[in-house]
Ligand SMILES: Nc1ncnc2c1ncn2[C@@H]1O[C@H](COP(=O)(O)OP(=O)(O)O)[C@@H](O)[C@H]1O
Ligand SMILES: N[C@@H](CCOP(=O)(O)O)C(=O)O
């Protein structure tokens, strides 16, 4: 048996709609991402599912993205492959803004490619991941699959064969992710987006993203935090997340560096300057934003590693509460 893991991701990171995404891991060592085990080969594709958020997955296993990934992978490889016996451990909530669909897609395609002797290059694999993600969300975007696959903070490179590149980060930053327990489909959250931006607006978007990237390279933390402004998606999505503004105001009044929508929501992310601030933000969000038993609040750091094989000793990956 071989086991694989891919981390959760936050698309957009406020300032880079569809162009920026980061992989995160809890500082306490819990697993925030999906696991896939390849139990062996067989005559038919078999998939069993478990994990905290298994109840949010489609009832029909044929509708599970992992099964869809297998057939898409086979088609991309261009030959009939032996069927696999698979087990998905669903640690990530679905429709959460934590790149849940991307995470299952990434771990599955990464695992299949490893199992079958790496017939696809990383670039081809990444494109396939983005196509499958596009099938779920309604349009192809790389800002979840790229960080979940490669780890780190990834900037998408327009029209470049490299597709994406890692950016620097502030290692002392802690990012609190608070998922309230309610579902917001990415497709629905994309349906409210503006179809066009004015010239002035386009320049402001490009300018703010450039300012953020430049601040990262210049190691200018203040300017990087100031540049974390969503000029594209948040104005349109605000009505879907009325709690965002008051939560942001309260946390930023206490010195938190930034508060924004993780991906398409409803998860909120808070960028904190240190562990103490992160603990405060986590307990505030957990009391003010968590709505039911599915809710989850975690203090994270950037996950430098993306998709990977798990070793036997990695059984310590436990679920997030
Ligand atoms: N393994 C899987 N993980 C996540 N979603 C899945 C999976 N298999 C199928 N789905 C379906 O894909 C869709 C994912 O919705 P989406 O809003 O894109 O989630 P997210 O924003 O969390 O990625 C849902 O309709 C869900 O039922
Ligand atoms: N750029 C996308 C990101 C969607 O992330 P998800 O985790 O909500 O799937 C968007 O903002 O639509």
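Here the Cβ of each residue, glycine as well, is placed from N, Cα and C on the backbone.
Under the heading ATP binding site, TrEMBL lists 93, 94, 95, 96, 97, 98, 99, 100, 101, 102, 103. The domain 'GHMP kinase N-terminal' feature in TrEMBL is assigned to 64-152. Summarising the annotation, TrEMBL assigns domain 'GHMP kinase C-terminal' to 215-290.
The Cβ of residue 95 (ATP binding site) lies under 8 Å from the Cβ of 56, 183, 184, 185, 186, each of these being in the same chain and 6 or more residues away along the sequence. Just so you know, the Cβ of residue 97 (ATP binding site) picks up 29 other Cβ atoms within 10 Å once every protein chain is counted.
Burial estimate for the binding-site residues (93, 99): highest at 99, by number of other CB atoms within 10 Å. Here residue 103 (ATP binding site) comes close to 6, 7, 8, 9, 33, 34, 92, 144, 148: these same-chain residues lie at least six apart in sequence, with C-beta atoms under 8 angstroms from its C-beta.
Listed in chain order, the residues near the ATP site other than 93, 94, 95, 96, 97, 98, 99, 100, 101, 102, 103 are 8, 92, 144, 263, each with its Cβ within 8 Å of the site Cβ centroid. On the 0 to 100 pLDDT scale, the domain 'GHMP kinase N-terminal' (64-152) averages 97 in this prediction.
The Cβ of residue 101 (ATP binding site) has 65, 94, 133, 136, 137, 144, 186 as same-chain neighbours under 8 Å, each 6 or more residues away in sequence.
Ligand 1 lies within reach of 95, 101 from the binding-site residues 93, 95, 101, 103, judged by a C-beta closer than 6 angstroms to any of its atoms. Residues 97, taken from the binding-site residues 93, 95, 97, are distinguished by a CB atom under 6 angstroms from ligand 2.
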